[in-house]
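Copied from TrEMBL, the annotated features are:
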BINDING   7, 381  Mg(2+) binding site
BINDING   14, 205, 206, 207, 208, 209, 279, 280, 281, 327, 328, 329, 330, 331  ATP binding site
BINDING   90  substrate binding site
ACT_SITE  147  active site, proton donor/acceptor
SITE      179  site 'Transition state stabilizer'
SITE      238  site 'Transition state stabilizer'
Ligand code: ADP
């Protein structure tokens, strides 16, 4: 069964064509820095590897380019679009409606659209990917896997906000949690690595969006993003935690309109707002050259992560491992160093040399005597989605 995975992020589209159930990757790639004249387009097969810098102004353009390459007479990997049996999509917000992966129909699409109000940077791109994939891959079953599902185990004491009960009971205003596909995949890898029956893990996903999850015995028990993917850590363009009274001040005193506040906090804040750069590679480069704003932004970012590590260790009454994943977590030895330095009291002892090494596999970067393991675990949301898509499809074939 050929399963195409489409993971439409806020500024990137990752894609993989996989043969299931063996999980053999037929081709894979990424379109990064979408929205810029210098987007990076990567396409890899066993025989070819292409990296092109080109303008890709929106997700539609990116997906069209991917669909064309797959059937390209020279370097394509399929003869026609009909060869694809299923397309698995990552959708960020499933609200309370979706606790499991689902086959797409009009009702599902309508619900994803409705939930876009809660994930304005993501659900619209996810839905666009679904609609385009239906057009390009007409014979394929379209399946969605939600980022919120893994967090359905968060207890009410952690998922409920201290606002009147009716907002929880009648309006579903609560912590939903995000990046669940990634947190589930990497925490399962870490648990297998630790060889422990019972485990207390903090999973730190640092990409353009950033979040942390307390994972107790394989289950999400607390999480830094909330009702929407806005709060918690400092992100690429999102502020993370701010005192909500700032919103009233912006509106009542500084004359901002509400939609301007929304744009300010979700698209113009975070590392972008602090430095003028949205990409951590640029920020690190400028910090090395002595840019004070970039240096401070890196320190602020790491400090926020440290505070959440302390909070989640307390929530679980202990800690076996901290794991770093996603674009920044896997690649930025600088940020990992800032996070793990001066954390010996909690049992984290970073090995500077191991931290600087690169390795595509799960690896330990702590000293041999560190009471708590510090792991770098490459995430693979695409594989997790392919597994779920295969599972749901084989089940539905058996049913008919
Ligand atoms: P998303 O899926 O949320 O779009 P990713 O997980 O792909 O994000 O991560 C994107 C981020 O990873 C970017 O901010 C980028 O700067 C960062 N990144 C990628 N490679 C490196 C690297 N070598 N060093 C530091 N940061 C990196």
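Backbone N, Cα and C define each Cβ position, glycine as well.
A gap of 5 Å separates the Cα atoms of residue 179 (site 'Transition state stabilizer') and residue 147 (active site, proton donor/acceptor). Each residue contributes its Cα atom, and for residue 90 (substrate binding site) and residue 7 (Mg(2+) binding site) those atoms are 5 Å apart. Neighbours of residue 7 (Mg(2+) binding site) among the recorded positions 14, 147, 279, 281, 328, 330, defined as a Cα within 10 Å of its Cα, are 14. Taking the C-alpha positions, the distance from residue 281 (ATP binding site) to residue 238 (site 'Transition state stabilizer') comes to 17 Å. Ranking the binding-site residues 14, 281 by the number of CB atoms within 10 A of their own CB puts 14 at the top. A 10 Å cutoff on Cβ-Cβ distances gives residue 238 (site 'Transition state stabilizer') a total of 27 other Cβ atoms nearby, all chains included.
Look at residue 381 (Mg(2+) binding site): DSSP puts it in a helix. When the recorded positions 147, 238, 381 are compared by Cα distance to residue 330 (ATP binding site), the shortest distance belongs to 381.
Looking at residue 238 (site 'Transition state stabilizer') and residue 208 (ATP binding site), their Cα atoms lie 9 Å from each other.
In this view, residue 208 (ATP binding site) is surrounded by 23 other Cβ atoms within 10 Å of its Cβ, with every protein chain counted. Within the set of binding-site residues 208, 279, 281, 328, 381, 208, 279, 281, 328 have a CB atom less than 6 Å from some atom of ligand 1.
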